[in-house]
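The structure under discussion appears below in the form of C-alpha cells.
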Amino acid sequence: MSSVTTPAPVYTWTADEAIKFLKEWNFSLGIILLFITIILQFGYTSRSMFVYVIKMIILWLMWPLTIILTIFNCVYALNNVYLGFSIVFTIVAIIMWIVYFVNSIRLFIRTGSWWSFNPETNNLMCIDMKGRMYVRPIIEDYHTLTVTIIRGHLYMQGIKLGTGYSLSDLPAYVTVAKVSHLLTYKRGFLDRIGDTSGFAVYVKSKVGNYRLPSTQKGSGMDTALLRNNI
C-alpha cells in the first residue's frame, strides 16, 4: 500500500501580521537604528577613539552578515530569477571579503599594526617619536600632514597620539603606509607657539615601495616596516 506524501503547507505573511510585527518591534528597531546612526555619524578618530572602534566593529560585521544573508537567499530562493541574483551577490560578497583580508594582511606585513584590518581605509599614517612608533588610520593620503604639540600633547591630523613630547622631538620624516607602497612626508615648516606648543607641516616628498633607514642606531630596525607600534 503506497502512502501519499502530504506537501508541507506554505506559510505566508499577511499584511495584518506584518503591521503587528512592526508595532511590537518598532521601538527596539528604532533604538538600534538610532544607535548605529550615531556611531556612524560621530565615529571619528579625532573625536572619540572608543566610538570609532565601535564603528569599525559594526562595519566589520557587515561583511559576514551580508554573506550569510545572500547564502540564505540562495537556499530559500523564491524562484530561479531570485536564485540567480542571490548567487551573483554571494560570489561578489565573498570575493570582496577575500580581497579585504588579502589587502589587510599585506598592510599588516608592512606596518605590523592591527589598524591594518580597519575596514574603512587602507591608509595608515606613522610617526616615530623618540623610538616609539605611532600608527593611526586616515581616510586618504593627503598632500600635507600637520603634527601639533600642545603643552606636551602630541596630535597628528587632529588625532591625539601621546604626551610628554616637545617640538624638538618631531622627526624629519613621517610616512603613510598603503597596501602597495609607502608615502614619505618631509618636514617643510615648523613654528613654535610659546614654550611648550607649536606645530609642523609635512609635505609629500616621495612615493614608492622602499625602506627608510632606521632612526634607532644598531637596532637593525626598518622604519618602513614599523614594527614597534602602539
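Keep in mind that glycine also has a Cβ here, set from the backbone N, Cα and C atoms.
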Checking Swiss-Prot: are ASP16 and ASN80 on the same side of the membrane? yes
The average per-residue pLDDT within the topological domain 'Intravirion' (106-228) comes out at 81
List, by number or range, the same-chain residues at least 6 past the transmembrane segment (56-76) whose CB is under 8 A from its CB atoms? 36, 39-40, 43, 82-83, 86-87, 89-90, 93-94, 96-97, 100, 117-120
Across the topological domain 'Intravirion' (106-228), DSSP yields 13 helix, 59 strand, 51 coil
Non-local residues, at least 6 beyond the ends, that sit with Cβ under 8 Å of the topological domain 'Virion surface' (77-84): none
Any residues 6+ beyond the ends of the transmembrane segment (25-45) with a Cβ under 8 Å from its own? 51-52, 54-56, 58, 136-137, 159
Quick check on the topological domain 'Virion surface' (77-84): DSSP residue counts for helix, strand, coil, in that order please. 5 helix, 0 strand, 3 coil
